[in-house]
Amino acid sequence: MDLVLETLDHYIFDDVYAKIAPVELQRGIDDSLVNALSLNKIVSNSTLLHETLSITNSLKRVNKDVYGLTPFLFDFTEKTYASLLPRNNLIREFFSLWAVVTVFGLLLYLITASLSYVFVFDRTIFNHPKYLKNQMYLEIKLAVSAIPTMSLLTVPWFMLELNGYSKLYYDVDWEHHGLRKLLIEYATFIFFTDCGIYLAHRWLHWPRVYKALHKPHHKWLVCTPFASHAFHPVDGYFQSLSYHIYPMILPLHKISYLILFTFVNFWSVMIHDGQHMSNNPVVNGTACHTVHHLYFNYNYGQFTTLWDRLGGSYRRPEDSLFDPKLKMDKKVLEKQARETAAYIQEVEGDDTDRVYNTDKKKTN
């Protein structure tokens with residue numbers, strides 16, 4: 001995240017913070033408080049400022065250093081010191097990260113889900129008896145309202161990374177198995193986070209936890225791509241924990257981290273798009289996740305079926321999900337709806353918070 005933040009600080013945030021909290025405000029603050037809060041001090045001598053910039057920009061940044069003390073991608077400029085809040089100030093880091101993660105999260109969700117809806121999504125789902133009235137609007141509304149809070153909860157993890165508490169690194173020794181190391185990291189990341197999400201997901205299905213946190217996401221029995229992030233923000237936070245824990249305990253390249261975070265969001269959209277293209281027994285694809293939304297107690301995994309098989313919660317998707325003719329067959333849907341209703345009764349007790357497109361009594 002330091003690479004992203006340094007880029008945004010250089011092009012945007014240095015200017016923004018200079019206007020919101022100019023360094024001139026330091027005149028009215030006691031020196032002891034300035035030092036305690038790590039605030040910038042006014043440099044009235046332009047020669048001294050340029051000498052400071054020259055020295056600072058010549059220092060080579062070590063990956064473990066605290067972010068903002070020395071440059072890495074871009075040299076420091078006069079604007080770097082124009083705000084009362086320096087780049088490494090914890091208050092500035094907090095608000096900058098919250099803004100970045102929120103905006104990036106919203107854009108990634110809306111763009112990826114929209115592209116999936118246009119090019120991949122199976123629109124026959126609109127005719128499914130368990131599709132809700134105004135469902136897509138409700139999914140987007142919940143996701144857009146949840147993402148800022150989810151971002152807020154994850155900011156402390158990114159702050160730990162910025163302050164040198166992670167095992168993220170940048171330099172790669174290509175001559176000594178650097179590429180192999182990178183590929184192994186991708187595999188271990190998927191393995192570790194798949195296990196972490198499985199455990200978190202099973203916990204979220206404990207009755208009390210389910211009703212408090214996870215139930216909003218299971219309002220969608222058949223999904224559109226916009227259901228991918230439509231859940232309670234604390235639910236989303238717990239399911240993301242393994243992504244943040246991994247770089248705290250295992251090495252991971254910084255660029256790989258950004259790529260994998262983008263991939264995770266893409267995957268979340270994909271398994272909610274209703275397009276059952278893969279029936280791979282290893283991959284926890286769209287069909288497996290459709291089974292989870294319909295029948296609640298199966299297929300908790302994110303990327304693979306490994307942990308569900310080990311945990312006894314794997315359920316093979318029905319063949320009808322992969323047959324375009326059978327997928328929307330009336331008898332198949334009626335059987336599916338009856339079984340889903342039984343699981344709703346078992347898990348939730350009633351179905352009063354759902355209004356279906358086909359439910360004339362509720363819609364009239």
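Note: Cβ is positioned from N, Cα and C throughout, glycine not excepted.
For the ranges 161-165, 201-205, 251-255, the feature annotated in Swiss-Prot as motif 'Histidine box-1' maps to 201-205.
The stretch that Swiss-Prot tags with motif 'Histidine box-3', taken from the ranges 274-278, 289-293, 309-313, is 289-293.
Residue counts for the domain 'Fatty acid hydroxylase' (188-312) under DSSP (helix as H, G, I; strand as E, B; rest coil) come to 83 helix, 4 strand, 38 coil.
For the motif 'Histidine box-2' (214-218), the residues of the chain that approach it from at least six positions outside its boundaries are 142, 204-205, 227, 230-232, 235, 293, 296, 347-348, judged by C-beta separation under 8 angstroms. When averaged over the domain 'Fatty acid hydroxylase' (188-312), pLDDT in the model lands at 95.
Remote same-chain partners of the transmembrane segment (249-269), defined as residues 6 or more beyond its termini with a Cβ less than 8 Å from a stretch Cβ, comprise 1-4, 105, 108-109, 112-113, 116, 167-170, 172, 182, 185-186, 188-189, 192-193, 225, 228-229, 243, 302-303.
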